Amino acid sequence: MEDSNRKIWTVQCVLLLLIGFCVSQLYASDDVKFYDSFDDAFDGRWVVSKKEDYTGVWKHSKSEGHDDYGLLVSEKAKKHAIVKKLDEPIHLKDETIVLQYEVRLQNGLECGGAYLKYLRPQDAGWTPEGFDSESPYSIMFGPDKCGATNKVHFILKHKNPKSGEYVEHHLKYPPSVPSDKLTHVYTAILKPDNELKILIDGEEKKKANFLSTEDFEPPLIPSKTIPDPDDKKPEDWDEREKIPDPEAKKPDDWDEDAPMEIEDEDAVKPEGWLDDEPEDIDDPEATKPEDWDDEEDGEWEAPKVDNPKCAEAPGCGEWKKPMKRNPAYKGKWHAPLIDNPNYKGIWNPQEIPNPDYFELEKPNFEPLAAIGIEIWTMQDGILFDNILIVSNEKVAETYRATAWKPKFEVEKEKEKAEESTDSEGLKGIQKLVFEYLYKIAELPVLGDHKVKVLELIEKAEKQPNLTIGALVSIIVVIFTLLLKIIFGWKKQPAQTVVETKKPDVPETSNNQDSTEEKEEQNEDAAAPRRRNTRRDN
């Protein structure tokens, strides 16, 4: 039995050694053009830009929750730039090239980039220490997000063989950036048949053709013709499809001066309208501030408040008849439109051959001589890792499976656990909220509304998605009741006055004299306050 176990153990060890050897050979194969796992510090391999605008600090740091290291953007709201020169330039001609890297937005990404630039050789006019936004690149690839922008860039900077100018060609309708804080792997596959594929986490998100006019803006191949810049529209060219009927006449009964609205002559002033009462009055509770200086601040005047008498009447102040639509109104007369007999259509300049047109079987890719990260971001915590360039899709897939997938699975499980904890915490909070809601429902102030409030609470408890709506409804009910209580209490004296002003017996001359005497007393009492008030300068 022991011999049998020893043999099984020996076979297992040999198999493990073989697997390890195969994987190591795969990673060391000729397919791998460049790879950096950042297991070791980047000093000496990557060069930080010394341009004065790029003050952001790069750090060799662990990914949160892992022992795996990466290249970290450590400061927010700063420009960061770093570059790594390749041992040999990579030429994109007759083989597939896969550009792949991981990035983790540990603090999210509200405004900033997390893309890579694949630079042209230094003889194009750049140095590692002087690396900046103007350094010439061949391809830019990766996430970019700010405001309305949310996309995984793929930009090819291509040289026009006719003009010699380098033009940026942007991939149309690129995929969006994942919105979580997990590690994601971005892959761009460039094939010799001009096909481009963009993968996120190994899943194809975009497929395009470099030479298609539908996939890049502007297209790599210019149009064969262009509008003639010297062509001019003839003076007699009529682009009006419709014209006013020259034979049409304005009807005799058409009054252009009639107003749109007129007074409603049938309107009657509502009964109880208070003509002599102003709509607002001086606030009787307002007092002049102690630090008010009449000479510096001007004449103080009490603020205005709504006249309480107007709230109990149809209206106050001078009554005017309301306006209504004038049935005789027709507005300015215009002749009806008819087909233009001289209409020639919309004029366009004639097309001429495009002097910058060229035919292309394949893009003229510039060699990839270095990898640079040049970004400006409002968030820190952006971690780059496992930057890879290979010429074999299967090798790139293996890297995703062995380097990225295990980390992603751990982060995903942790995210689910946190969401579950948050959900349980939310349920606890909901339980506490409902306990208080039931206590509120027992308040005497609710009166006849108690039944309705209880119905809302029970409905929200059975359907958690209605909780917020129920809370808002209950708050509105309670707030409305409070307003009624507060303003109802303040209006009691006014109601008493109204009742004393409208006795059931007819008014006598003595009553009128008494009323006039009270008004005179009120005016005499208000006069000193008005004399002591001053207007603001």
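Each Cβ is built from the backbone N, Cα and C atoms, and glycine gets one as well.
Now, the feature entries from TrEMBL:
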- 1-28: signal peptide (SIGNAL)
- Cys111-Cys146: disulfide bond (DISULFID)
- 210-318: region 'Disordered' (REGION)
- 227-252: compositional bias 'Basic and acidic residues' (COMPBIAS)
- 253-266: compositional bias 'Acidic residues' (COMPBIAS)
- 273-284: compositional bias 'Acidic residues' (COMPBIAS)
- 291-300: compositional bias 'Acidic residues' (COMPBIAS)
- 466-487: transmembrane segment (TRANSMEM)
- 497-537: region 'Disordered' (REGION)
- 514-523: compositional bias 'Acidic residues' (COMPBIAS)
- 528-537: compositional bias 'Basic residues' (COMPBIAS)
Within the compositional bias 'Acidic residues' (273-284), how many residues are helix, strand or coil going by DSSP? 0 helix, 4 strand, 8 coil
Sequence-remote contacts (6 or more beyond its ends) of the compositional bias 'Acidic residues' (273-284), Cβ cut-off under 8 Å? 301-307, 309-310, 313-319, 529
State the non-local partners of the compositional bias 'Basic and acidic residues' (227-252) in its own chain: residues 6+ outside its ends, Cβ under 8 Å from one of its Cβ atoms. 333-340, 342-352
Taking the Cβ of Cys146 (disulfide bond) as reference, which residues of that chain separated by at least 6 in sequence fall under 8 Å from it? Glu110, Cys111, Gly112
With DSSP as the reference, give the number of residues of the compositional bias 'Acidic residues' (291-300) in helix, strand and coil. 4 helix, 1 strand, 5 coil
